[in-house]
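Asks: This is the structure I have questions about; it appears just below.
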């Protein structure tokens with residue numbers, strides 16, 4: 001069952017800065033509360049307490065609220081008035097649309113000397129003969145009953161006939177209590193039947209009843225998910241129809257049963273939704289045969305360019321401008337590239353093999369796009385083939401060997417082209433230019449001065 005929790009009270013105490021010890025007014029209506037507790041310990045200063053439209057079966061744990069002036073417990077499952085003697089300042093009590101049939105329980109309100117207004121509309125006791133006369137004669141402090149003011153003449157007349165009215169009320173009350181006892185037994189029987197039926201359905205679904213049911217279960221599992229979902233929906237609709245169309249008396253038990261049924265259906269729906277989310281198969285990026293698929297789960301625009309000049313492939317992925325780079329995970333493989341954008345995969349098969357180790361990824365500062373540069377794997381091979389064109393006459397089978405031989409020929413010195421006499425000629429030329437370092441320097445200086453007299457000095461030259 002649901003009871004009053006501290007978290008609930010604090011959330012409802014926003015107007016008091018979530019402080020509950022000094023709280024004077026609180027509204028806990030429509031919270032599906034089934035047990036009233038703790039309020040007399042947490043909120044001793046309460047003056048107004050709203051608890052309407054819950055499932056509270058009994059008035060309790062409010063007797064220590066000495067300052068309580070207004071208590072609203074309308075639309076609950078309360079069957080008798082009790083435990084309010086300690087509410088010394090109680091002025092208004094609203095018990096509208098409950099199940100109070102024990103009308104004599106209003107005698108406990110005699111101790112609430114400040115009680116001016118009482119609401120019992122919608123309770124079974126209001127149908128008793130002499131109901132209003134009995135209440136008016138019993139509670140002398142009342143000024144208003146069920147929104148109707150009590151006149152002095154009415155009270156005098158009620159007091160004159162009080163013994164007779166009281167006897168009639170007691171007889172009707174006893175008859176009602178017997179009826180309530182039968183209703184409780186019937187509600188218990190219906191609850192047990194529903195529980196047994198549910199257990200039977202669970203067993204049949206699990207296949208414990210018979211081999212036939214097991215075979216049916218296997219056949220049912222062999223069907224598609226969509227057909228299974230349709231079957232479940234039809235079964236649920238049929239159960240809902242039976243539940244809502246079946247005539248039942250309006251009692252605390254049926255009201256509680258309806259609430260539990262709705263809550264059960266809601267939880268089952270939530271569980272089904274969660275299980276569908278969990279059972280959702282992961283997106284296939286690579287097939288069982290090893291084929292890489294093109295996937296764009298984040299639905300981003302992209303462009304793939306072949307930069308032939310730099311011998312590389314460039315991917316421009318239009319990721320969101322304000323997306324943090326930590327939410328991007330780039331994985332470059334020789335044949336494809338995969339980018340996880342907030343966990344959602346973008347995968348693209350490349351037209352040509354690339355070198356993952358030499359690839360680089362950058363973010364544009366203006367657009368925020370992710371730009372991935374991937375050098376082609378054939379770059380080295382192509383470059384060596386160009387160099388090895390001069391040695392095509394060699395007997396090597398592979399272009400790599402040709403490239404290697406071409407590089408070797410470049411590094412070695414060919415004695416036929418470069419001979420020792422060439423070196424001696426260079427030395428002789430140097431000797432002819434100047435006869436000595438002292439004579440060489442002044443001659444060069446004078447020549448430059450004569451040749452560049454009419455020209456401006458150019459530092460670059």
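Cβ atoms here come from the backbone N, Cα and C positions, even for glycine.
TrEMBL entries are annotated by machine, without manual review.
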Asks: What range among 371-390, 391-410, 411-430 does TrEMBL describe as region 'Disordered'?
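Replies: It is 391-410 that TrEMBL annotates as region 'Disordered'.
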Asks: Between 0 and 100, where does the mean pLDDT of the domain 'Dynein axonemal assembly factor 11-like CS' (255-376) sit?
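Replies: That stretch averages a pLDDT of 85.
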Asks: For the compositional bias 'Basic and acidic residues' (254-277), what are the DSSP-based totals of helix, strand and coil residues?
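Replies: Going by DSSP assignments, the compositional bias 'Basic and acidic residues' (254-277) contains 24 helix, 0 strand, 0 coil.
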